[in-house]
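*Asks:* One structure follows; several queries about it will come next.
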């Protein structure tokens, strides 16, 4: 689960991180009062969407010369003018795709005198089984580009979970970021509290880009991105309350209600599979034969008829889907249950695109019998390769 920048900053502020004062607004009429409540005279108006690259983004409704989704304002009047241009419009960034995202809220923040921009993130480094700091002196830009072009400028410092962030760890991180003086002193408290927040809130990612050194020498969190482990949300009511469903795909929201692992993708072949590994293999073979998957959908090992039907309905609700491939290996999941779920869903929503089903495992013959006797236009496949060829051929006509 992701949250907005202003929510992430509020959470970090609660741990003692240095963040600027700011106010989130939903209506243009709130802009003037919000700006006047801040010290000024420099302000920043930030689009709040769940996507990066906002500053370089462009609004669909505005001219190509118009400013992006993060703007400096030098007066209250300037803030108000920018808010009126930005709020309610569609921001297109490198991460949103061509459709973009509607800006339903803005964050008006007090400006900062920036001396240097740095990059700092925390994530789970699975190669060593520890939470690690990933840092770079090249902040304020696309870290993927830095990793590709100048990987030597990125350093990773793994933290021992038994000790937490030690003075030696702080020294390593500070050295990597070339922090000294007031910034070096700030680092002694900042990095341990970031680690504490990451662990206590079960985050999967905490990214600060940029972390700045101000002209007065002190550190400040200028931007913050947080992602949380969805499997741990049951113990974080405060985090769940921050969820903004308007930023999420409606199909993914519906899938979460059924405890389905569903991720919307950009292709045209819908996939329903049991098991993450089999789902990845299914998507790979679809790409091998020249098409793209429309989703990742893992119904899990113990899904019942209703859950299978729900998954099928979610997949067919995607207008991009031109064909559906069901690929099930029945272990705990029984093939007859899958067959019954698919048939129930097809009868409810109708079948307007080709459907190929490959079943193998527990009760496979019964599952095939149920499908064959359904009277529906369902194409059976003998194995995964056969299934992929058949669904691609059906779409190609």
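In case you wondered, yes, glycine gets a Cβ from its N, Cα and C as well.
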*Asks:* 274, 295, 363, 372: which one does Swiss-Prot list with 331, 332, 333 for the substrate site?
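*Replies:* For the substrate site that includes 331, 332, 333, Swiss-Prot also lists 274.
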*Asks:* Can you tell me how far the Cα of residue 46 (ATP binding site) sits from the Cα of residue 274 (substrate binding site), in Å?
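*Replies:* Here the two Cα atoms lie 41 Å apart.
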*Asks:* Just give me the nearest neighbour of residue 53 (ATP binding site) among the binding-site residues 209, 274, 331, 332, 333, Cα to Cα.
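*Replies:* When the Cα distances are compared, 209 comes out closest.
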*Asks:* Within 10 Å of its Cβ, which one of these binding-site residues (209, 274) has the largest number of other Cβ atoms?
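*Replies:* Sorting the candidates by Cβ neighbours within 10 Å, the top entry is 274.
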*Asks:* Record lists 46, 53, 54, 55, 109, 112, 117 as binding ATP; longest Cα-Cα distance in Å?
*Replies:* 20
*Asks:* Could you tell me the C-alpha distance between residue 109 (ATP binding site) and residue 223 (Mg(2+) binding site) in angstrom, no decimals?
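*Replies:* That comes out at 11 Å between the alpha carbons.
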*Asks:* To which of the binding-site residues 112, 332, 333 does the lowest count of other Cβ atoms within 10 Å belong?
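*Replies:* Minimum Cβ neighbour count within 10 Å, taken over the binding-site residues 112, 332, 333, occurs at 332.
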